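Participant: Pasting in a structure now, in structure tokens, and then I'll have a few things to ask.
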Amino acid sequence: MAELRGPIVDVGETRSVSTQYGERDLAEVTLRPERGQAEPVTLTLWGKWSETAEYTQTGMEVLALGVEREEFRGEIQYATAGDSRIVIEPDYLVNVTDVRSWVQCPRMHYLNTLSGVPLNYPVVKGTVVHEVFSDLLRGGEVEAAIDDRVAEVGLDLGLLDRDADEVRKDVSDHARAIDGWLSQGTLEGGDEWRSEQTLISERYGLKGRADAVRRGAPVELKTGKNTNSEPRFQDKVQVACYALLLDERGEPPDTGTLLYTKNAALDRNEESGDLSPAKDFSLNEGLLDYVLRERNHLAAMAVAGEIPTGYEANATCNYCFEQDTCMVVSGRLDQESKAGRIGEAIPEEERNYFERFYRAIEAERGAVHDEYAKLWTQTATERADADRALIDLEPVGKKEVDGRWELRARCSDPVSKIREGDVVLASDGHPVRGNAEMARVVSMGEEIVVTADEPVELRRLDVYPSEIGADRMLTALHDALLAGDEDQKDVLIDRRDPVFRDVEETFIDNNPAQDRAVRRAVGADDCALIHGPPGTGKTYTIARTVRALVERGERVLLSAFTNRAVDNALDALRDQGYDEFVRVGTEHGVREDIQEYRLESRGDPDERAAELREASVVAATTASCGSRIMREGSFDVAVIDEASQLTEPATLAAVALADRFVLVGDHQQLPPVVQSADAAGTVETTEHGDDSADDGTTGATTATDGSGVVASGTANGTSRTAGDVADLSRSLFERLIETHPEAAVLLDTQYRMAQRIQAFSSNEFYDGRLRPASPDIAAQHVADLPEVTSDALPDRLQERVSFVDPDGTARGNTNPAEVTAVAEIVEAYAAAGVAREDIGVIAPFRAQAAAIRRELPAVTVDTVDRFQGSAKEVIVVSFVATGDLDSPIFEDFRRVNVALTRAKKALVLVGDRDALATDERYARMVEWAE
DNA sequence: ACTCTGCAAAGAGGA
């Protein structure tokens, strides 16, 4: 038996042949193995595996397990045998629950990801019952668990107008079934349990979280009823997926259990059929192979960027709950659909908009999947070097706190992308092959502290990629275009110009530009844009705008990309004497002094729902705007900060909740972070090598109308043309300010920088329109700081702007000579009396920032990107590069605008003069600074 | 070649 892996170079037709076993289907695929001979080899797919050929395309990766190797006329050939398994695109990690819904109906699966599952009672109740189940497995007491878990979803229940007592009664029926079944197990001599196990399979390309594993066999809880003797098919499919995941660990279970908790609550007199809640069934090879083939089909279509029609499965549309939605969406988007279409299609320009962004979002999802694959394609050391993991941790303790586990470990060099509050994979050595659990980072100090549902020997932490960004962008695109207001769409699609009313009132006395901005926002019938360069009082203007809107009786949604910006805006609002707002967000996302305004989900349903419904200002990140809770709401105006850092679909998450919107940002500072930037933004013209399987297929299959057959074997692997895919790195703010400059107001008065410091930025980025707010601000100097004696500084540092070339050499992304020079400069300022907290150090690379940070305790040292939005009296910038500026980090000159505009009184640029001179923009900067 | 903030995920229903 052999194992074979590589990209497919040719897919043959499926045909039928007669064999000694009767008529059998077969299909031949040709692939180029990764190892061994370089020549392509033929793999014959027999029987059911031949179906694979129907949806598999050239360029896709195939993994053939347990295939037979034979020599035929001097040529080596492979063929599937009795226990062979074929995996298509094994590096594409598919969710177990997605396989479940795919098996029900591929079209339903598509609709779920497109529109998201809205807030509804069965789902909330299901979640509660699952949590109670989990509590009971951990030894909790039934009544306490029910009370606690029902209270936890108070907000959801309130929004659904449900009464807590009735829900408790409802849940306790289910809980009794679980409890009864569990005690049965105990009577039989005790079970070995593992609850909520996170499982990832690199071999089958699957991931999921099993409700429970009992004696090595998967147990899945369902809160629906099932009075048939057999479990529901899609439920078995889900359990079979968990079995595949366990199988990879070398312990294939032979039975699975489905626990239908509603059965126990049914009236035995009225219901007929099998009312026992627990149904065991055997996990035979046939089922596992079937599940894998469905997973393959899903992965192949996802990688090819194809949209399911429903014909891929034999589901019956008549019985489907989603039939109406399915027909409406198919009709509106003019998509082929098994259920058929009703209604009229949205106009062509809207469909184009939808399709362009759909593809861009899916490309972004693809980039997330590439990150998943790195969990096993990179070695521990490679991941640590790429800052994606902390390895070789030394576990120092674990204890149970409030039903969760607190895990501690020591780390000799805690430099990585992982930060406090992040969701990570905690493992005992390997995130996939070892024992791993999802965990939340609590602190990254002397000791690393994380919390998880299950205790894990904490030896390694890995960045855990999340598709939530792509998910939220997609539902926002759906909401804005398919459920959105026609009037708003006219402006978004650019069918008409935005309309403004004149507003006479004065809102801000001493700053005409800010006042104009508020009047523009208040008088906007559709949208307004506030362009705020560094230090121009954006946050103040936002707060004043929100107040002005509230005074007019409007309900306002206040949003931004980051939690920090949302909280800053609320802080400013509070400073202006207004605090009738509600903050929606996770506990760890919201700043400490804003926690008191945070909407708790726990509590009395009516009270919680009223808090949200009655607030005239609700504040949340755009990601939260796409949450189930927020999507229930509606607003008159959305005011969105950091809009130039948001992708267009991310902006839509907030925009779609309101009639009008105000975007605040600065497109001359950093654009949105897009992982798939190369694929979605600039069109690549470079030749692709053997590793271009993903790019080739996604790129080529751009047509979604059925005509999109992959152009196999094209010279460079992609047939994408410019403009075909929407650019996620261009914000809605930037697009609108270019098409509708009349909607924008530039805040031209800055309160931050000395004239000398602001000059370069003003000329390079703002047509020289930026001006200091007062002579004092223009003339400020480091000697103005209390305790500072200017004479104590070296001559050079007495200048407001200076340039230092320490003549160093870059080593990777660090420059040791610059580390030393920066430390000396900072110490010189400190020695002259500048408080350490008034000094900031900025570097382009995380590695350099970390190296400087080690030398300079109590000084803020960070990357440019993370410094955006804040300022210091004194700023030292380390450019790192020597030789040339070839790293992509130097490409976007807007990053320099951010770095140079953080300083109030003194700015020191540290870099290699010659390297910087290789780019004319950087050369101008050096000339200005010297 | 780089930068990196959001987010747990799975959770239901019926002929």
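Including glycine, each Cβ sits where the backbone N, Cα and C put it.
According to TrEMBL:
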DOMAIN    A:39-184  domain 'DNA replication factor Dna2 N-terminal'
DOMAIN    A:511-601  domain 'DNA2/NAM7 helicase helicase'
DOMAIN    A:611-676  domain 'DNA2/NAM7 helicase helicase'
REGION    A:683-722  region 'Disordered'
COMPBIAS  A:695-708  compositional bias 'Low complexity'
DOMAIN    A:728-913  domain 'DNA2/NAM7 helicase-like C-terminal'
Participant: With DSSP as the reference, give the number of residues of the domain 'DNA replication factor Dna2 N-terminal' (A:39-184) in helix, strand and coil.
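Facilitator: Per DSSP, the residues of the domain 'DNA replication factor Dna2 N-terminal' (A:39-184) fall into 83 helix, 29 strand, 34 coil.
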Participant: When secondary structure is assigned with DSSP, how many helix, strand and coil residues does the domain 'DNA2/NAM7 helicase helicase' (A:611-676) contain?
Facilitator: 23 helix, 20 strand, 23 coil
Participant: Express the predicted model's confidence over the domain 'DNA2/NAM7 helicase helicase' (A:511-601) as a mean pLDDT, rounded to an integer.
Facilitator: 96
Participant: Within the domain 'DNA2/NAM7 helicase helicase' (A:511-601), how many residues are helix, strand or coil going by DSSP?
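Facilitator: Going by DSSP assignments, the domain 'DNA2/NAM7 helicase helicase' (A:511-601) contains 44 helix, 15 strand, 32 coil.
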